[in-house]
Amino acid sequence: MVTIVLGAQFGDEGKGKITDLLSQSAALCCRAAGGHNAGHTIVHDNITYDFHILPSGLIAPDCVNLIGTGTVVHLPSFFKELDALKAKGLKDAHKRIFISDRAQVCFDLHSVVDGLEEASLAGKKVGTTGKGIGPCYSDKASRRGVRIGEVLEEGVVEDNLRKLEAGYRARFGELNYDLEEEIGRFNEYRTKLQPYVVDQMTFLEKYRSSPSILVEGANALMLDIDHGTYPYVTSSCTGVGGAIQGLTLNPTSIRSIIGVVKAYSTRVGSGPFPTEQNNAIGEKMQTIGREFGVTTGRRRRCGWLDMVMCRYSNSINHYTSINLTKLDILDDFDEIKVAVAYKLDGKRLESFPALPGVLDKVEVEYVTFPGWKSTTMGIIRWEDLPANAQRYIQFIEREMGGVPIKWIGTGPARTHMIEREV
């Protein structure tokens with residue numbers, strides 16, 4: 001049976017921690033979409049691990065890991081991450097990671113193009129990670145891309161990469177890019193990559209009857225190419241549909257869909273953010289929460305929890321339970337606000353707006369809660385939480401239509417987690 005972990009907001013919710021926890025009993029952990037633009041941080045045995053393209057399940061010693069067909073894979077990052085895990089003591093990680101031969105290759109060329117495209121937008125920048133994800137998915141959709149399996153075939157990467165480079169040079173002029181260097185590197189990868197490449201359908205067949213397959217979502221629903229705050233989104237399907245498509249999952253095998261919700265809101269890069277706090281409150285959240293991007297190091301914008309957004313996210317992903325994260329970051333706030341509705345021209349909106357211009361203009365209706373003003377760091381039992389923290393959590397559950405909050409994060413370590421019987 002399959003468990004899917006998905007971000008319910010703008011990303012950076014803390015998906016890696018619940019994935020790490022659940023992967024301890026999982027036979028297989030998979031990434032379905034996205035690339036090395038993702039960033040998941042896990043603290044285990046006082047060691048901090050940063051994941052980008054690799055699934056977080058590699059920390060679990062008995063968990064096999066798969067990078068699925070829906071992903072885009074930057075191979076230098078793939079090998080660099082594997083080496084970093086080995087240096088931190090995960091000596092056998094390279095034996096437990098595989099890549100679908102149908103996944104797309106993300107080249108350094110794509111990163112160069114990403115920067116040029118972003119620069120051309122001037123004052124309307126999307127705020128991408130600059131990792132080349134958008135151009136790579138564009139080449140995939142235009143049927144110009146290279147698949148992982150083709151890296152193993154002599155001459156295929158060189159032929160296709162020369163065509164891609166010529167096309168981008170015709171569009172942008174001279175590029176700050178060494179074509180011959182990248183071709184040479186991929187000639188080396190032809191042998192180096194061989195042990196990791198699998199036919200996904202055949203590979204997954206061995207796990208069809210497994211009681212525990214875990215899917216680790218990347219990014220989040222509000223960055224989904226179809227359902228997010230377009231065009232300020234990533235270039236893949238980040239919701240449950242993307243997981244099913246990218247991993248060829250049987251929908252009837254899905255046992256649970258876990259939505260990961262941060263106890264407040266953050267966003268990296270450009271785009272609408274109705275509950276953003278450009279003030280001392282936002283700065284306090286940013287400082288206490290250490291809100292800097294794992295992938296880019298950029299400062300995250302911060303604001304209050306937005307239940308309008310979370311309800312919209314739930315209506316698309318159909319969460320069976322919620323993991324509420326970083327509750328402890330709110331410990332020192334005198335009062336805590338939660339967005340419950342949007343108004344436009346004095347009227348409550350009945351649905352989540354599709355247009356970013358509308359989101360920029362909405363008036364946010366808040367419910368205000370008294371803070372608990374005591375530490376929740378490291379608490380592992382529900383009954384030990386302050387009463388005001390419990391009320392805050394129960395309100396979120398009601399606003400989510402009764403979807404239970406089963407896990408509550410109270411700190412960075414794996415052990416800093418409350419698991420409720422719900």
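Positions of Cβ are set from backbone N, Cα and C atoms, glycine also.
The IMP site in Swiss-Prot is built from Asp12, Glu13, Gly14, Lys15, Asn37, Ala38, Gly39, His40, Thr129, Arg143, Thr234, Arg298 plus one of Asn219, Asn250, namely Asn219. Here the Cα atom of Thr410 (GTP binding site) is found 22 Å from that of Asn219 (IMP binding site). Rounded to the nearest whole angstrom, the C-alpha distance between Gly297 (substrate binding site) and Asp12 (active site, proton acceptor) is 12. Among the recorded positions Asp12, Gly39, Thr41, Asn219, the residue whose Cα lies closest in space to that of Arg300 (substrate binding site) is Asp12. By neighbour count, meaning other C-beta atoms within 10 Å, the densest spot among the recorded positions His40, Arg300 is His40. Residues Asp12, Glu13, Gly14, Lys15, Asn37, Ala38, Gly39, His40, Thr129, Arg143, Asn219, Thr234, Arg298 are listed as the IMP binders, and the farthest two of them sit 34 Å apart at their Cα atoms. According to its DSSP assignment, Leu327 (GTP binding site) is helical. One residue stands out among the binding-site residues Lys17, Arg298, Arg299 for having the most other Cβ atoms within 10 Å of its Cβ: Lys17.
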